[in-house]
Each structure stands twice: as C-alpha cells, then as structure tokens.
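Annotated (6S)-NADPHX binding site per TrEMBL: 59-63, 127-133, Asp156, Ala256, Gly310, His355, Asp424, in sequence order. Under the heading K(+) binding site, TrEMBL lists Asn60, Asp123, Ser159. Positions annotated as AMP binding site by TrEMBL: Lys392, Gly393, Ser394, Thr395, Thr396, Gly423. Annotation comment: TrEMBL describes 10-213 as domain 'YjeF N-terminal'. Annotation source TrEMBL lists domain 'YjeF C-terminal' at 221-480.
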Amino acid sequence: MRSAHRVETVRTAERTLMARLPEGALMQRAAAGLAAACADVLPRRVYGSRVVLLTGSGDNGGDTLYAGARLARRGAGVTAVLLAPDRTHPDALRALLRAGGTTTTAHSATTPTALARADLVLDGIVGIGGRGGLRPDAAHLADLLADSPATVVAVDLPSGVEPDTGEVRGAAVRADLTVTFGTHKPGLLVDPAREYAGSVRLIDIGLAETLPPTPALESLQHADVAALLPRPTGESDKYRRGVVGVAAGSTRYPGAAVLAVAGALRGGAGAVRYVGAATEAVLARYPETLVSNTGPKKAGRVQAWVAGPGAGDDPTPVAEALASDVPVLLDADGLRLADRDTVRTREAPTLMTPHAGEAAALLGVSREEVEAARLTAVRDLARAYDATVLLKGSTTLIATPDPDTPVRVNPTGTPWLATAGSGDVLSGLAGSLLAAGLPPLDAASTAAYLHGLAGRYAADGAPTGAHDVAEAIPAAWRDITRTVPYHP
Ligand SMILES: NC(=O)C1=CN([C@@H]2O[C@H](COP(=O)(O)OP(=O)(O)OC[C@H]3O[C@@H](n4cnc5c(N)ncnc54)[C@H](O)[C@@H]3O)[C@@H](O)[C@H]2O)[C@@H](O)CC1
Ligand SMILES: Nc1ncnc2c1ncn2[C@@H]1O[C@H](COP(=O)(O)OP(=O)(O)O)[C@@H](O)[C@H]1O
Ligand SMILES: [K+]
C-alpha cells in the first residue's frame, strides 16, 4: 500500500519526530536522500556536471542547498538562484558556499543562460509551505525552466501545485522526478499535479514512527489487491459465489449491455443475470448469461445490481434496482435517473461510477471544475449521496461518505482506456465483485485496478477497444494473484 498524508498531518508528525532528534537531523536526512537521487538521474557522473538550485526562502530551499553542497563536494559546478537572498536558510547557504557553490538571483542576466546550460535543475522554490499560485518571481523561474533541456528534480513537491488536493491553478514546475520526504503528499498521486511530478521517489526520513496509521489517500498495490480478490473454494457453487444482475442496454445501445456483461463475467460472481432490451445481443456473445425481459424486481435473486449503462430514459429499472435490499452500482444513465433521496436512504450500499462530466452534472458544477479538483469532487459526491463514489478519468479516485476513510487512488490506469464502452466493462466488473461479497470501497478499487491493468495489456502501446479490455481481465487477475499463496 502506498499512502499519502496531508500537510497538517505531516507537520505534526515532523514536530514530534524533530523533538526526539538533534537539531537539523531531519533536513540532513532529506538532503542526503535528495543528493543520492540526483546523482542517479544525472546523465553523466556528478564530477563536472552543471547543477542549478532554484532556492526559495523556506526549508524546501534549505533541503535543496544542503543537497547542492553534497553535489558540489563531489565535483559538480553548483549555482543557487536565490529568490530572497536575505531570507535564505542561512546554515544551508553557508554549507553550499563552503563546498564551492556560487549564488545568483532570479532576475540576474546570467540566470537564463545558467538554466539553459544546466544538466540538472533542483526545484526548491517551495514545498509543503506553498499556498496559492506561485508568486511572480517564482513563476518567472518556472517559465524559464520550462525552456531548459535540463533534467528537473522537484524537491518534496513540484512548486506551484497544491499539496493537499493536486490542483494546479497557475504556473508550476514540471519535473522529471520528484523526491518526496517521509510520506507521499496527496497532490503527488492526483491529477493534474501528478503529471507535473514526473516519477516519484520517497525518501525515508523516519517519519513513519510519528505519522498516524490512517492516511488521507491510499493506493493499492498488487499484494493488496490479491488479498481482496474473491477466491472460490471446494465449497463454492455458482450461487454461493454470488449472482450479479445487470440492468443495462437498450434497443438503441445494445452494446453497452454486452460490454457490462463481459466485465461481469470476469469479476468473480458465479453467474450473471441480464435484464433489459438487449437479450439477443447478450446471448449471441455470451450464451452463459441468464436472461429475462422483466425488470429487476421480477428477475429473481441476485447479490448485487448494476444499473444504467446504455439503459436509455426509462427510470423504472433503476428505481427497481434501488428498491432491492442488495448493493447497487449506478453508472451512466443510472446516475442521471436515480433519485438522490432514494439513494441516501437505502439500507444496502450504493456505488456510483461517474466520469467527470457525469459527476459535474450531479454536483451542478462544470466538467472543468471537477477535473481541476478531482479529490474535492469525489468527496463532495460521496457525501451528497451517502454512497461510495468511483470518479473515473486520468486518476480514478474512490471515496466513501466517511471523511476519515482514506480515499483510494488507482495506480494502474492508462489513457488508452479512454475508448467508448470501457466504462461499461468497468461497471460490470465492479458489480460482479460486489455480488461476490466485497464491500463497495474494495469492489470499486479492485475493479479499477484490474480494469487499468487489463487496459494496459489490451493496448500494449497501441489503440484498443472496450471488448479487448474485457478479454484481458483474466490475464490481469492471474498476474495479480500469481505471487500470493492459496489462490486456485
Ligand atoms: N519540517 C521538517 O522537519 C522538514 C521539512 N522539510 C522540508 O521543508 C519544507 C517545508 O518548509 P517550510 O515550512 O519552510 O515551507 P516551504 O519552504 O515549502 O515554503 C515556505 C516558503 O515559500 C514561500 N512561499 C509560500 N507560498 C509561495 C508561493 N505561492 N509562491 C512563492 N513562494 C511561496 C514562503 O514565503 C516561504 O518563504 C518541506 O516541503 C520539505 O522540503 C525537510 O527538510 C524534511 C524535514
Ligand atoms: N485520460 C485517461 N487516463 C486513464 N484512464 C482514463 C482516461 N480517460 C478515461 N479513462 C478511463 O476509461 C474509462 C472510460 O469510461 P467512460 O467515460 O464511462 O466511457 P464509456 O461511457 O464510453 O464506457 C474509465 O475507466 C476511465 O477511468
Ligand atoms: K519544490
């Protein structure tokens, strides 16, 4: 599990840890890790390389200067561009000068040339102390840096991104690598900021000792997903494994039904029951499906319903699914047709899977606003509907209505998944995991994980279709569970 903590939590944990350590010890740990990471990404050896330090007046600048001093002692030519020369971390600046480094300022005539010629630039403008968009001097440096061919390493965070939300409201540094200290910050895992961070390396500064056990955000890894996926045993039969009902598709969109069933068949339920107007198309592709052309109410027992993909404008099937006492996944038309109070007052759980446009319509804001502040949007929606919400897109997020439960961020996605119908596959897959007995948060996050991996396998670097994604799910499942004992 990879986890991220908010700034306030990091500050409290750092204070507690610092009180137990000699003065400056944490910053030295951070600087040592940072310098080692820089040495790794330098295209040639450290000796003789040209390094520029963009240095703000806080501790983020301090880390950067100490790391620069370490590189200078190994023979790099190091220049610090000081944003506020009279407020620069004094001890760190002395260390750099003693090691042979030099300084200049943001508006010096030599700064653009230094950036253009650098092999490596460290962004130490601002870290977790940054608030609001970058101030003009800092924004000027970020602009100059955008034209530099140098490798860019962001210190703790790319300057200009919001650490707690991943929002980017103005100029920000685009890094090749971000070296972050103690724990991830939410912004490093959530778009748009995640894109600015490049790859992320976490440096252990001993903070795990004082951080609270529950993070703000968590990201499942293979082993976590393997532990959650359902596994049949000798006692299993198709009903005990769970039956998932799919109320989807219409005469206009029969394909959505086929794709949702395709996902559902690969999600761990023992049987898929389809209701709707696309029975012929579904049976033609998947003869193993149990079909009926009644609504969900009369369709027979299921352990979870998927309602909405390609379903059209008839609100009845969605209402009937919501009236059941089993978990319901709402997607596409189902999101639009569901009554909010009905969702809020259900006893059984509801899982909603909107993309940014659908989330925007439900929240009454613009799509751009949802995409700019995905973490806020997913939390707001979960609270408004008292439901678990999976917000699809460039970083898929899953939130429950409980503000203390970490939001999950899916690490496996790929933009190749942005293809018509791949969301239908996801809804079937997640519904199937619900029917197999997973709680909504786990069903949604394991489904997103499998779906993302399947998208990568199906695409393999080239365009792919939703059907191929569904067919790649078993390979993703196998890869995830292969390393874990006792999976059949
Ligand atoms: N507290 C600790 O124990 C540790 C902190 N560390 C480093 O310290 C950083 C936090 O240091 P600080 O609390 O001093 O804060 P920062 O250095 O992140 O930011 C504060 C400075 O940035 C300026 N600033 C704020 N918003 C700005 C904006 N929008 N545009 C331009 N400048 C802006 C402020 O005027 C202030 O000078 C971490 O990100 C990390 O790099 C590490 O050394 C590890 C240990
Ligand atoms: N830029 C992106 N990067 C990663 N995944 C994406 C991106 N855009 C879309 N996706 C994924 O593709 C799928 C598309 O689903 P959706 O928007 O519902 O499409 P449809 O309605 O055609 O099925 C979702 O799983 C979503 O997370
Ligand atoms: K930074």
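Including glycine, each Cβ sits where the backbone N, Cα and C put it.
Shown on the structure are the features that TrEMBL records.
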residue	record	CB count, 10 Å
Asp59	(6S)-NADPHX binding site	21
Asn60	K(+) binding site	26
Gly62	(6S)-NADPHX binding site	26
Asp123	K(+) binding site	31
Ile128	(6S)-NADPHX binding site	23
Arg131	(6S)-NADPHX binding site	9
Asp156	(6S)-NADPHX binding site	28
Ser159	K(+) binding site	27
His355	(6S)-NADPHX binding site	20
Gly393	AMP binding site	19
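Nearest in space to Thr395 (AMP binding site), taking C-alpha to C-alpha distance over the binding-site residues Asp59, Asn60, Arg131, Ser159, is Ser159. A C-beta separation below 8 Å, combined with a sequence spacing of at least six in one chain, links Thr396 (AMP binding site) to Leu390, Val409, Asn410, Gly413, Ala448, Gly452. Among the binding-site residues Asp59, Asn60, Ile128, Arg131, Asp156, Thr396, residues whose Cβ is positioned under 6 Å from ligand 1 are identified as Asp59, Asn60, Ile128, Arg131, Asp156. In this structure, the C-alpha atom of Gly423 (AMP binding site) lies 35 angstrom from that of Ile128 ((6S)-NADPHX binding site).
Of all residue pairs in the AMP-binding list (Lys392, Gly393, Ser394, Thr395, Thr396, Gly423), the one with the greatest Cα separation is 14 Å apart. Annotated pair Ile128 ((6S)-NADPHX binding site) and Asn60 (K(+) binding site), C-alpha to C-alpha distance, rounded: 8 Å. Ranking the binding-site residues Asp59, Lys392, Ser394 by the distance of their Cα atoms from the Cα of Asp123 (K(+) binding site) places Asp59 first. Compute the center of the Cβ atoms of Asn60, Asp123, Ser159, which mark the site for K(+); besides them, the chain residues with Cβ within 8 Å of that center are Leu54, Gly56, Gly61, Thr64, Gly124, Ile125, Val126, Gly127, Gly130, Ala154, Val155, Asp156, Leu157, Pro158, Val173. Comparing C-alpha positions, Asp59 ((6S)-NADPHX binding site) sits nearest to Ser159 among the binding-site residues Ser159, Lys392, Gly393, Ser394. Within 8 Å of the centroid of the Cβ atoms of Lys392, Gly393, Ser394, Thr395, Thr396, Gly423, where the record puts AMP, the same chain has further Cβ atoms from His355, Ala356, Leu391, Leu397, Asn410, Gly413, Leu417. Note: the Cα of Gly62 ((6S)-NADPHX binding site) and the Cα of Gly393 (AMP binding site) are spaced 37 Å from each other.
Contact annotation for binding-site residues (Asp59, Asp123, His355, Ser394, Gly423) versus ligand 2: His355, Ser394, Gly423, each with CB under 6 Å from a ligand atom. Only Ser159 of the binding-site residues listed as Gly62, Ser159, Lys392, Ser394 bring a Cβ under 6 Å of any atom of ligand 3; the order follows the sequence. For Gly393 (AMP binding site), none of the binding-site residues have C-alpha atoms inside a 10 Å radius of its own C-alpha, out of Asn60, Arg131, Asp156, Ser159.
Counting neighbouring Cβ atoms within 10 Å of each of the binding-site residues (Ser394, Thr395), the lowest count belongs to Ser394.
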